[in-house]
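All remarks here apply to the structure that follows.
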Amino acid sequence: HSVSRASPNLTFVPACLPPDPVEVEELQHFVSNSKRLFVMTGAGISTESGIPDYRSEGVGLFSRTDRRPVQHAEFIRSASARQRYWARNFVGWPQFSSHQPNKAHLVLRDWEKLGKLHWLVTQNVDALHTKAGSQRMTELHGCTHRVFCLACGDRILRSELQEHFEALNPTWKAEAFGVAPDGDVFLTDEQVRNFQVPACRKCGGILKPDVTFFGDTVSQEKVSFVHQRLAESDSMLVAGSSMQVYSGYRFALAAREKKLPIAVLNIGPTRLDHFASLKLNSRCGELLPLIV
């Protein structure tokens, strides 16, 4: 698994102070006392790989632009919404798919290998934990690197779909302006008007990325599975998430109910701050590598 050896990309990382030695010691104590650590990650763990998050002050997508992610109902209902989504996704894919894991992803992979990390749940759809080599993992909101048919369920790799797009749109060109946490880019309506979207190769149905769009829900089967992994754990670490989305927040509430110690590593406030055992305001890729 290739990992960029260059300095972290801080374009989309909110400003913060270097890790406080006392905080490092506190997190070290927390991790050392954990035997079966349950880790939940969010967009803030991938910002150092050059992928923006949604909510960070000043640098998140919502604070920099008025663009919002595609809504599930709109994608299902509207052919023009799907055309717009896939045109933008087609342009953004080469850059988005080339992002590499950073030090934080690698540390969590190493904790898994050492038997310290019992289960990892990521809210991200960027595949960076997979690229880092994590295996004991659930992608809560799916992954943009997979695509499936809404009608027959046939699955293909997103990289394979890129070839279909290219074959259908040999002369279509558009320049991307900015990139979003889900690989989306900004294009005008004029740019997307002539973009051709392929149908399912097996049944002619609608193709959708294997991700939970805003307004959709995570399957009950996946939620139950994650609750089982949490029940087997003795502590919870949240890294790079404000936990504003309920699909992830519910597991923190379950951990609190089980009286598990909870540590939060995130730049800026989170929904857990008032009941977490430990709150750290540092970069994931700067603090996690200091823990042994």
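Using N, Cα and C of the backbone, Cβ positions are placed for all residues, glycine too.
Summarising the annotation, TrEMBL assigns active site, proton acceptor to HIS141. Within the same chain, residues at least 6 positions away in sequence whose Cβ sits under 8 Å from that of HIS141 (active site, proton acceptor) are GLN123, ASN124, VAL125, VAL211, THR212, VAL218, SER247.
According to TrEMBL, the feature Zn(2+) binding site maps to CYS149, CYS152, CYS200, CYS203. In this view, CYS149 (Zn(2+) binding site) is surrounded by 19 other Cβ atoms within 10 Å of its Cβ, with every protein chain counted.
According to TrEMBL, the domain 'Deacetylase sirtuin-type' annotation covers 17-292.
Confidence over the domain 'Deacetylase sirtuin-type' (17-292), given as mean pLDDT on the 0 to 100 scale, stands at 91. Of all the binding-site residues listed here (CYS152, CYS200), the one with the fewest other CB atoms within 10 A of its own CB is CYS152.
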